[in-house]
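Below you'll find the structure, written out as structure tokens, and then a few comments.
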Ligand code: SF4
Ligand code: ZN
């Protein structure tokens with residue numbers, strides 16, 4: 001049976017059904033709708049004002065690739081300029097290939113690129129060294145906890161170096177729903193309360209951050225990358241299989257199969273969450289070492305580095321006292337396979 005006509009232009013044959021709405025669209029109309037929805041997210045949320053110099057956290061994976069591509073399309077209308085900032089965590093056999101993809105993107109799209117490395121920023125510590133230190137085996141369940149905290153700091157530093165006024169990351173709705181679910185499963189009310197909204201306004205001197213793809217489903221991000229023929233890196237980090245996030249992801253898939261709106265419902269639930277006064281975390285102060293926002297004497301990054309440098313890396317991640325929970329920080333969105341390996345809902 002031939003594919004139906006596109007429900008938007010009524011001329012071309014439809015190439016897909018939108019995963020959430022079931023609407024049949026041709027590739028041109030789907031890509032235009034996807035870009036218009038990201039534009040709406042940015043404009044309605046007042047995320048990136050005209051004149052903003054935007055540091056795009058670029059990992060080479062599908063999410064940040066799609067984010068950079070869409071923002072480049074929208075930049076003239078938004079009146080913003082873009083600068084790719086990539087973080088080299090020092091993960092052998094993984095990050096070098098991903099950085100090569102970022103370099104290709106920067107060259108093709110004629111966007112400036114700056115790479116900042118953990119080893120340079122954090123006194124020689126790479127993620128491989130952190131993994132050896134925390135587990136002695138090259139792998140550790142807490143790798144993503146360290147990596148998430150250090151990457152946030154590294155991206156902030158890279159953005160400052162290039163004179164950015166705003167930072168954007170490629171987290172999509174599925175990433176956000178996983179984070180909400182993980183925080184529920186841990187009973188972490190403080191993080192749940194902080195995790196809502198489309199970004200943070202830049203408290204304590206930090207640059208404002210936002211996630212323009214936060215309402216876009218992972219499936220549609222993959223479809224957009226596929227139809228735009230974007231070149232991205234799709235292998236999983238060597239430490240990812242150890243992460244608690246994988247369990248949240250599996251659970252979310254089950255929930256979504258039973259209730260297709262589960263992902264967005266979870267994202268919106270975090271936005272609307274109101275904490276009783278007694279459950280609210282105390283207002284953060286300043287880290288005594290680096291001045292960043294901190295709820296204790298040291299910020300998360302300084303506490304983790306302190307533990308690493310003292311040879312007691314697990315001190316800072318919540319063993320015996322209230323520290324960082326394992327997998328406590330949203331890790332970088334992981335690629336979920338090359339475009340052609342994802343089921344493309346078509347006809
Ligand atoms: Fe870092 Fe992501 Fe790898 Fe975890 S999965 S160690 S957050 S790059
Ligand atoms: Zn600090």
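Cβ atoms here come from the backbone N, Cα and C positions, even for glycine.
What TrEMBL lists as domain 'tRNA(Ile)-lysidine/2-thiocytidine synthase N-terminal' is 54-237.
According to TrEMBL, the ATP binding site annotation covers 57, 58, 59, 63, 87, 170, 175. According to its DSSP assignment, residue 59 (ATP binding site) is coil.
DSSP labels the residues of the domain 'Cytoplasmic tRNA 2-thiolation protein 1 C-terminal' (285-315) in these numbers: 13 helix, 4 strand, 14 coil. Taken from TrEMBL, the feature domain 'Cytoplasmic tRNA 2-thiolation protein 1 C-terminal' covers 285-315.
The region 'Disordered' feature in TrEMBL is assigned to 316-347.
Taken from TrEMBL, the feature compositional bias 'Pro residues' applies to 332-347.
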Grab the pLDDT values for the domain 'Cytoplasmic tRNA 2-thiolation protein 1 C-terminal' (285-315) and give me their mean, rounded.
85
